[in-house]
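Features reported for this protein in TrEMBL:
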TRANSMEM  B:55-81  transmembrane segment
TRANSMEM  B:102-125  transmembrane segment
TRANSMEM  B:145-164  transmembrane segment
TRANSMEM  B:171-188  transmembrane segment
TRANSMEM  B:208-230  transmembrane segment
Amino acid sequence: MEYIVETKNLTKRFGKEQAVSGLEMKIPKGEIYGFLGPNGAGKTTTIRMLLGLMRPTSGSVHIFQKDLRKERIRILNKVGSLVENPSYYPHLTAGENLEALRKIIGVPKTRIKEVLKIVRLEDVANKKVKGFSMGMKQRLGIAASLLNNPELLILDEPTNGLDPSGIIEIRQLIQRLPHDYGMTVIISSHLLSEIDQMATTVGVVSKGKMIFQDSIEEMRKFAKQKVVLKVSDSESAWRALLARGMRADWDEKNITLLNQSDENVATAVKYLVKDGFSIYRVEEEKKSLEDVFLQMTKEERLV
Amino acid sequence: MMMRLLRVDFLKIKRKGLWLLTVLGPFGVVALQMVNYGVRKDYLLQQSENDWLYYIEYISNFTHLAIVLGIVILTSFIASIENETNAWKQLIALPVSKLSVYLSKFTVITILLFISSVLLLLFSYSYGLYLDLGEEIPYITLLKYSFFPFLAALPVLALQLWIATVSHNQAIPVTVGVIGVILAYSAFTLPDWMIWKWPSLINGWDKPYINALLGLSVGILLYVIGMFDFKRRDVK
Ligand SMILES: Nc1ncnc2c1ncn2[C@@H]1O[C@H](COP(=O)(O)OP(=O)(O)O)[C@@H](O)[C@H]1O
Ligand SMILES: [Mg+2]
């Protein structure tokens, strides 16, 4: 398999602290690679090494099958990036900010208008970035990362600081990119739900180590959510469900269904109604990232 | 690539007051003499054998201070443009070499300082003419005292730019800068080897060109050291 990004034993130490250790990242072409991990897991450090902003303590990075150490500039020609908080020049307008990058990249001037349009900032092109909201700055950062029509786009927590509508907008934009422009996208996040909604492939890091790397479907098996029923007289209701051969748990208050497929939930509800219980709530209990990690490490799905 | 980076750096210093400072520096130095000669011209002309040389000496008393102060402010401004929102990471993730990024910053300030020196020459020449200091105009001396301080100050420029671009804490370049300005202020009492003395063009041999040559060579050396240190380090 040919990978757009492939790291081998990628390691970064800060003093005694091992921020990234032995990372083997493999990203096939056209994927949206969700790079998932809690704060401090080493996502930004990894991304900085992918961009040549940081020198690895050991290990190697290959992008487009080329060695980053030897062909950094040739590689970066086709990479767009947004690392951590967006960078900008507050005293310049949005247009001037992009112009300052465009001149170096060497794409035609019309490209500025195009990327501003993609992130819907064309109306404020002549306004100083100083007065922009956090969301607008973030969008400007994404516009900047798209300037050179990259084949690989690397976005480090791009929805940080955005309001819900901004998050949806960015998500829709990112989901279009592989199809519309043939891009491969890396997107990092500490939110399981965010990766779940966007990514096609997932890499999970914890304390600098990759503890899982596979398709989103494989990851969903770990992230399965529980369905919780709140009913009247929950103990009897639970016993009634068990009597009808359903698998469920009871915790003194609520009933938890162990098989949360749509049919199973529907059947359980039907039985409860038939048996004369009142159903107050049928809820999905979200699993936290920590729960998923626990499960991944427990099942020793070390990659 | 260098030309592109330079054009970008000139775009980035827009509205930041660097151009104003470039003009204000030499103007201030000559303006001080406008006050000086305005108040006591007759006395000053009486004091001197050669009115032009005497006038140039008065100007040069302040040139080195202005230039060291100017360098501290210019380098810290140009670094702050990238430091403010940590734009270094965005800039260096572009297909550019770190060496050329550094060279471009250095070149921009060198150009601004050079323009300052040209303006100093023009301002001091014009006001000298206005003062009517005599027919024999010492062009060579005027040129020397306009451009030698600039060359002699290159090590301070290289040092300040280096510190300003690699420091995580901007208090460090400012502190070094302030100490530098104080040293330049007391140039007369400093030993000859101290780079902050050089822009004053004072030395034990009484030959200003020595300071200019020293400045040029040590300036290039410090520049190269700073550039490779900048390249070696992880981006902030
Ligand atoms: N420049 C640095 N110097 C020292 N330690 C760092 C530096 N950058 C990151 N770290 C440390 O490395 C670890 C990983 O950080 P980071 O890559 O930013 O994590 P993430 O992006 O996943 O939140 C953290 O413990 C952080 O404190
Ligand atoms: Mg991070």
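Heads up, residue numbers simply count up from 1 along the chain you see.
Placement of Cβ uses the backbone N, Cα and C atoms for every residue, glycine included.
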Listed stretch, out of B:55-81, B:102-125, B:171-188, B:208-230, that has the most CB pairs under 8 angstroms to the transmembrane segment (B:145-164): B:208-230
Within-chain partners of the transmembrane segment (B:208-230) [C-beta distance under 8 Å, separation at least 6 from its ends]: 98-99, 102-103, 106, 144-145, 147-148, 151-155, 157-159, 161-162, 165-166, 195, 198-202
Beyond the flanks of the transmembrane segment (B:55-81) by at least 6 residues, Cβ under 8 Å: 9, 12-13, 16-18, 21-22, 25-26, 28-30, 32-33, 36-37, 44, 48, 87, 105, 108-109, 112-113, 116, 120, 124, 128, 131, 133, 138, 141-142, 145, 149-150, 152-153, 156-157, 160-161, 164-165, 170, 173-174, 177-178, 180-181, 184-185, 187, 196, 199-201
